[in-house]
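Here's what Swiss-Prot has on this protein:
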COMPBIAS  1-19  compositional bias 'Basic and acidic residues'
COMPBIAS  71-82  compositional bias 'Polar residues'
DOMAIN    147-398  domain 'ABC transporter 1'
DOMAIN    840-1083  domain 'ABC transporter 2'
CARBOHYD  Asn32  N-linked glycosylation site
CARBOHYD  Asn123  N-linked glycosylation site
CARBOHYD  Asn322  N-linked glycosylation site
CARBOHYD  Asn718  N-linked glycosylation site
CARBOHYD  Asn780  N-linked glycosylation site
CARBOHYD  Asn947  N-linked glycosylation site
CARBOHYD  Asn1146  N-linked glycosylation site
CARBOHYD  Asn1413  N-linked glycosylation site
CARBOHYD  Asn1471  N-linked glycosylation site
REGION    1-92  region 'Disordered'
TRANSMEM  512-532  transmembrane segment
TRANSMEM  539-559  transmembrane segment
TRANSMEM  595-615  transmembrane segment
TRANSMEM  620-640  transmembrane segment
TRANSMEM  654-674  transmembrane segment
TRANSMEM  759-779  transmembrane segment
TRANSMEM  1179-1199  transmembrane segment
TRANSMEM  1215-1235  transmembrane segment
TRANSMEM  1254-1274  transmembrane segment
TRANSMEM  1293-1313  transmembrane segment
TRANSMEM  1320-1340  transmembrane segment
TRANSMEM  1444-1464  transmembrane segment
Amino acid sequence: MASHKKSEDPLVVKDRQEQECESSDSTIASENASEHRSPMGLIDEDGIETLNRIASQSSRRRSSVYPPNVPTRTSTLATISENDPAVDPQGPSFDLNKWLKMVLRESERQGREAHRTGIVFKNFTVSGTGAALQLQDTVSSMLSAPFRIGEMMKNRHSPPKRILNEFNGLLKSGELLLVLGRPGSGCSTFLKSLCGELHGLSMSKESVIHYDGVPQQRMIKEFKGEVVYNQEVDKHFPHLTVGQTLEFAALARTPAQRIRDMSREEFAKHITQVVMAVFGLSHTYNTKVGNDFVRGVSGGERKRVSIAEMALAHSPLAAWDNSTRGLDSATALKFVEALRLFADLSGSAHAVAIYQASQSIYDIFNKVVVLYEGRQIYYGPAKDAKSYFERQGWECPQRQTTGDFLTSVTNPSERKARPGMENQVPRTAEDFEAYWRKSPEYQKLMSEISHYEQEHPLEEEGDALATFQQKKREIQAKHTRPQSPYLLSVPMQIKLNTKRAYQRVWNDISSTVSTVISQIIMALIIGSVFYGTPDATAGFTAKGATLFFAVLLNALIAMNEINSLYSQRPIVEKHNSYAFYHPATEAIAGVVSDIPVKFVIAVVFNLILYFLAGLHRSAGQFFLYLLVTFIVMFVMSAVFRTMAAITQTVSQAMGLAGILILALIVYTGFVLPVPSMHPWFEWIHYLNPIYYAFEMLIANEFHGRDFICSQFIPAYPNLSGNSFVCSSAGAKAGQRAISGDDYIQVNYQYSYGHVWRNFGILIAFLVGFMMIYFIATELNSSTSSTAEVLVFRRGHEPAYLRTDSKKPDAESAVELSAMKPTTESGEGDMSIIPPQKDIFTWRDVCYDIEIKGEPRRLLDHVSGWVKPGTLTALMGVSGAGKTTLLDVLAHRTSMGVITGDMFVNGRGLDQSFQRSTGYVQQQDLHLETATVRESLRFSALLRQPPNVSIQEKYDYVEDVIRMLKMEDFAEAVVGVPGQGLNVEQRKLLTIGVELAAKPKLLLFLDEPTSGLDSQSSWAICAFLRRLADSGQAVLCTIHQPSAILFQQFDQLLFLARGGKTVYFGPIGQNSNTLLNYFESNGARKCADDENPAEWMLEIVNAGTNSEGENWFDVWKRSSECQGVQTEIDRIHREQQSKTQASDKDNESWSKSEFAMPFWFQLYQVTYRVFQQYWRMPEYIASKWVLGILSGLFIGFSFFQAKSSLQGMQTIVYSLFMLCSIFSSLVQQVMPLFVTQRSLYEVRERPSKTYSWKAFLIANIIVEIPYQIMMGILTYACYYYAVVGVQDSERQGLVLLLCIQFFIYASTFAHMAIAAMPDTETASAIVVLLFAMSLTFCGVMQTPTALPGFWIFMYRVSPFTYWVSAMAATQLHDRVVQCSPSEMSIFDPPSGQTCGEYMSSFMSMAGGQLSNPNATSDCNYCSVAVADDFLSSVNIYWSERWRNFGLMWVYIVFNIFLATMLYYTFRVKKWNLSGLKERFSKKK
């Protein structure tokens, strides 16, 4: 079969393939270094017994049940040799058993005991705020907001809602607590509350919670690092290696007293190596942690890094929130085993929430708590929980794990009462809670709490607090404040953070180098533009412009720090919660690490610019210039860092920074000199650090110098006396040179005497903003607990919510979903699924890719089929290639070479194959602003064929909604997690979108149960079962099914590592067929109570059967394998005879790539994007606010520009300032386009929903109306303020030009982002192109003064034509009246009037005399009308409409280039391997 190269998001493909390859690499590594597999794998049986003995003795000493005089550890501890290589974690014979014995012995010898604590909570009630009903905001609701103030105020003060209701419990030192509950039941809130993470939450006054007698408030304030919470999301610095990440954590929590008197560094390195060995991370020591964009360790390894990092915090009490998500069952079990070991030996206590806990995991826990809609319905010994609920009247199905059973009783659709108990069992969460409170187990718990509190009474200043403080002081470093929760002193924290900051810089050196290179390029461009500027009066403006660019480019480079600070804020907050360091110390370290980087950038940039632009070549002037630019770089860095620290979101910070930059540029003193400033905004320049820096640079350049006059007035030969004057400001009659000091005083009101005063002001700004930054970083936290709630369209909210009545069993707590999970109603009508007859087969499919220059086979001769009415499971060990096979079969791979055969009914696949199949991806990608019904309708409209009417498609969508039981939230908005659909609802929508397309071949599903709890997983699989029973063909990858879940499937395709088949065939009743195959080929017998899926994973993971044969080889020689090939041949013969007869009836569209014609696609996609924009009021408001504020600010800064020469110049500069918001306009558009593109390229394009042309054109079209509105608003705010009311033609043209400018900005944004992978990359290109366009538009350097090389850039820059058209329209025929400082004043020769003396000069040069009849003090203005001024900068009134037309050419060019770039780089798949081969042959 020919190689298939279909499109998919390359990041998704790369991440998946790297993980699969790394998994196979890890397997090889683990075979060679088995000691790194797991904590349990490191200990022999004798060692386990010894440790268990030690652990049980420790547990007895801590337990209130056993007397305290139990014998201590055995004397075998003393027999360990300190030089034993078994305690070296890097050695091949490392033994965790012996290492732990050594540590225990050392601790005993030093008289230290591990710090231990338990936790007691009584009447523990936690509440949050959030409206029960949330409606979607739109542009119309935004505009009508002033008329709905009452409604908004009412919603703002919604009453608090209970999330946890009167919990009671006791977790002792050394115990493990399993937290069970369905998503939204309050598990995360419970774990956070145990650790004092109460952002956005509140505890009731009656709540009691303490740690062995220490109140929670005191605990969090002084002992924050003793109780830590591990969140579900992995947050790490991506560029740090695993070793650096974990060694940092170890150093931050290294105690003052250490084993063997190791130094801090030695201890941290040693303990890190041990933890890495325990969690199987030793082979990743020098590998970057990475993230979605930075290549690093695999997702499972990153999760283990998070676990290891928190383990290094050495906390006696830890809460783990679904920390096994993304880990396979074996790794998850080993993680819990490690917690068990740590708890037994160190006395630490752990509370762990796990969604799908296998029986082997469950059995490790001491206690379990079951949550039901925020209510506690059991808390007690894990071994007694099952019997408690069975006694309550519930039946546990055979082979169901205890964890699944306990969670299932909270699901009305899954729980099953024992015969005869149907009317006696509790039904609602309140009933369950009431039953629990009356039970003997509850009474026993309360009695245990009472006894425990007698031993550990709650006291503000008691023995427990004193013990905590003493133990903390023992491990705290010197000079650390006693009340501080941190182990390190502030200087030590700064030192540690600074080291890490430099590691981050070095590991991401390419970013620093690219910044330096971009600055070199900008310096070369700006320097060359002003190259050859004369040291004469003709160079005055050019020198000012050079220094203006210098100070701005040095200052504004720091704006990028806002994004970097926001990206690291979640990591810093996590470390702070672990009591690693003060956030302020990390902020200080960030500033310190920036010094050398900024120094290099400053030196490189300014060295090039200074000498290339011909600034004053004097050592004193150069070094002062360098000092000023370096200081202003740091001052502005402090300003932008402060912006990031005082705001809550990056959009707030960037919006604030955008307005700030505009104010800083305008009030620097160049485009609007101090004499021209208006009183209402004049105060800004006093608060502007750049103003003070610019005054220093100007004074430094011009001070103490006389500049030769370039042009005299009048320009007669043999001038003498006072009959002439230089044409520049500050000139005096009869002088042939102008003092630089006089020029800057007249033109700018600057003085050299202010230089060192300004330097002091800059230092004050630096210190002030740095202090605010450090304080704000320490105090401001963006972490908050948000309500998980559904959002509805206005006017479409469900009746029971609209009337505030409570739906039966509705979950009302903030953390809970706004309604019952969707899988609890009836079976759903499956009759709407059209019967299918097509059979999909594949034979000997192989998939090869190249990794690091080496060929790698990911799939190895896989064969199989999917028939209508069957549910086929695709399983395998981690990294076996399950998702890869699904992608290959669905034609969704974007790289590599596929060989083998794929057939539908025995015939090859045509281009309609992709749209004839449904593919439910693992990621639930949907348009956030659309409702569930709209998402389904969009899929049906574009993917069902044209012979189906629109009404029929809509009717089918309603059937799908009923079938998936989504009626209650059909009008709910998809939203984002927490504010929109929950995990299960998103998964159902993902399935629904594919069903709405009515796929006529089969349905692929990739991990449909990923991230779901066991009940939701069961509901999804039961639905797939019903789907298959109705005639649908289904192929589904599944990670780790329970025994009951496994029985839902008909067939199984099982892959071993490397994509090798080890079984394909029926599963059989109770998995008998599958078990018989493996057992007959040398596998051990599967026990009756064992999960066949786990059993099979275990034996295949072992690699070989009892005779040492590889399972892949066993399969290849088996009769079952031969039977597969025979069955494929039979299917082909049978189906080919059937399909020949039906081929004649096929419509032409049935073979086409897309179901619907292009114009229908374009209409539907454009309508959807319009709808999306309308429902994004924040985005639209940010656009309009930017336009309005910019227009008003520029308009009133340059208000009623005078008719003087400076007035003409300020009008042109005002246009320059309008152009300066161009970059912000582009930056607004690009992120939204990237979001749209991700959805299209990952889900909609591979499904052949619509064409890439429709996608691109629709996105360009939809921006235009909003850009037109933005142009109108900006025009109204800017134009009339600056120039007042002009004739209608001019007003109309300026309006058109304003609209045109914003349309150009949006098309430019699409052109820039079309081919780029992300906004960051595109932004760098945008900034460069924008800077060049702005520099060469003729405002800062006139075209006549440009070096010849750059003239082409003046002609290429679109701003040249836009500024020219705008300036000409506003200034044409305007009479100029020079201000007194602009007048050239001189005396005519005796006997002549001024008019007579100047007549010949004025006949050639133009201009005007204000006193032609005077015989002294002639007042000459060099310009009579504004057109004379404009012609000097190559701007002409006659070219205004031509320039307007040229701008449309640029807009069309942007659209054309966007289309070509998108097609070339993101649609067209180039055969690069073929090109390589051809090139190598030529060589």
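Just so you know, glycine gets a Cβ as well, placed from its N, Cα and C.
Considering only the glycosylation sites Asn780, Asn947, the Cβ with the fewest other Cβ atoms within 10 Å is that of Asn947. Same-chain residues lying 6+ beyond the ends of the transmembrane segment (620-640) with a Cβ under 8 Å from its Cβ atoms: 550-551, 554-559, 561-562, 591, 594, 598-599, 601-603, 605-606, 610, 657, 660, 689-690, 693, 696-697, 700-701, 755, 759, 762-763, 765-766, 769-770, 773.
Only sequence-distant pairs (6 or more apart) were considered; of these, fewer than three Cβ pairs between the transmembrane segment (595-615) and the transmembrane segment (759-779) are under 8 A, so the stretches are not in contact.
Against the transmembrane segment (1293-1313), stretch 1254-1274 has more CB pairs under 8 A than any other of 512-532, 1179-1199, 1254-1274.
Put simply, of the glycosylation sites Asn718, Asn780, Asn947, Asn1413, the one whose Cα is nearest the Cα of Asn123 (N-linked glycosylation site) is Asn780. Note on proximity: among Asn322, Asn718, Asn947, Asn1413, the glycosylation sites of the record, the Cα nearest Asn780 (N-linked glycosylation site) is that of Asn322. Cβ neighbour count for Asn123 (N-linked glycosylation site) (all protein chains, 10 Å cutoff from its Cβ): 15. With Asn718 (N-linked glycosylation site) as the anchor, the candidate glycosylation sites are Asn322, Asn947, Asn1413, and the one with the nearest CA is Asn1413.
Distant neighbours of the transmembrane segment (512-532): 505, 542-543, 545-546, 549-550, 553, 557, 597, 600-601, 604-606, 608-609, 611-614, 1324, 1328, 1331-1332, 1335-1336, 1340-1341, 1346-1347, 1349-1350; these residues of the same chain sit at least 6 beyond its ends, with a Cβ under 8 Å from one of its Cβ atoms.
Spatially, the transmembrane segment (1215-1235) is adjacent to the transmembrane segment (654-674); three or more Cβ-Cβ distances between them are under 8 Å for residues at least 6 apart in sequence. Residues 514, 518, 521-522, 525-526, 529, 545, 548-549, 563, 1212-1213, 1215-1216, 1219-1220, 1222-1223, 1226-1227, 1230, 1308-1309, 1312-1313, 1346, 1350, 1353-1354, 1356-1360, 1362-1364, 1433-1435 of the same chain sit 6 or more residues outside the transmembrane segment (1320-1340) yet have a Cβ under 8 Å from a Cβ within it. Rounded to a whole number, the C-alpha distance linking Asn1413 (N-linked glycosylation site) with Asn947 (N-linked glycosylation site) is 91 angstrom. Looking at Asn718, Asn1413, the glycosylation sites in this record, the fewest other C-beta atoms within 10 angstroms of the C-beta turn up around Asn718. Within the same chain, residues 544-545, 547-548, 551-552, 555-556, 559, 562, 639-640, 643, 647, 681-682, 684-685, 688-691, 694-695, 747-750, 1182, 1185-1186, 1189-1190, 1193-1194, 1197-1198, 1206, 1210, 1213-1214, 1216-1217, 1220-1221, 1224, 1227 sit at least 6 positions outside the transmembrane segment (654-674) and bring their C-beta atoms closer than 8 Å to a C-beta of that stretch.
Taking Cβ-Cβ distances under 8 Å and a sequence gap of 6 or more within the same chain, the neighbours of Asn322 (N-linked glycosylation site) are Cys187, Ser188, Glu232, Ala353, Ile354, Tyr355.
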